[in-house]
Amino acid sequence: MSNRLETLDSILERLRISIKKNGLKNSKQREEIISVLYKNRTHLSPEEIAQEIRIKDKSTSISSVYRILNFLEKEKFITTLETDKSGKRYEIAAKEHHDHIICLECGEIKEFVDTSIEEQQIKIATLNGCKLISHDMRLFVVCSKCQKTTQSHQN
Ligand SMILES: [Zn+2]
Ligand SMILES: [Zn+2]
């Protein structure tokens, strides 16, 4: 799991400021979604987030979860990961930089950092006279577990 770059309290403090700035009312659900994503090890789908929130507040609707996720993404508290098969997934933005390996069969997501890839990307941008601002590196794979199940089907 990538290290968190900020404490949960400090993120919630910034959230309250941004809610005020946007003229919104405080809602427990926004804070709950932030803490679910902060504490979770993996990248969650909106349905999984709704499930977690419903443990405390049974009345939570999937549409309000979608609405809150859009707001939190716009305000850069969370980031999305397009995963192909398992749809859009979310993670907290205050994580150390990492890239993703995504299994096209089972949807499993792994995080990795490779310093030579990181350096190479900066180099390519520089060689093109550019300054690298960010990048999105996703490897789409068939993971080792899924390779085994395909093989056993064939035999
Ligand atoms: Zn990277
Ligand atoms: Zn990630």
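Easy rule for this one: first residue shown is 1, then count along the chain.
Note: Cβ is positioned from N, Cα and C throughout, glycine not excepted.
Any TrEMBL annotation is an automated prediction that lacks curation.
The Fe cation binding site annotation in TrEMBL covers His97, Asp99, Glu118, His135. In sequence order, His97 make up the list of same-chain residues 6 or more apart from Glu118 (Fe cation binding site) whose Cβ falls under 8 Å from its Cβ.
Residues annotated as Zn(2+) binding site in TrEMBL: Cys103, Cys106, Cys143, Cys146. Residue environment of Cys143 (Zn(2+) binding site) contains 17 other Cβ atoms, counted within 10 Å of its Cβ in all protein chains. In the three-state DSSP scheme, Cys143 (Zn(2+) binding site) is classed as coil.
In the three-state DSSP assignment, the secondary structure recorded for Asp99 (Fe cation binding site) is strand. According to its DSSP assignment, Cys106 (Zn(2+) binding site) is coil. Rounded to a whole value, the Cα-Cα separation of Cys106 (Zn(2+) binding site) and Asp99 (Fe cation binding site) is 18 Å. Same-chain residues with CB within 8 A of the center of the His97, Asp99, Glu118, His135 CB atoms, the Fe cation site residues themselves not counted, are His98, Val113, Ile117, Gln121, Met137. The most crowded of the binding-site residues listed here (His97, Asp99, His135) is Asp99, judged by how many other CB atoms sit within 10 Å of its own CB.
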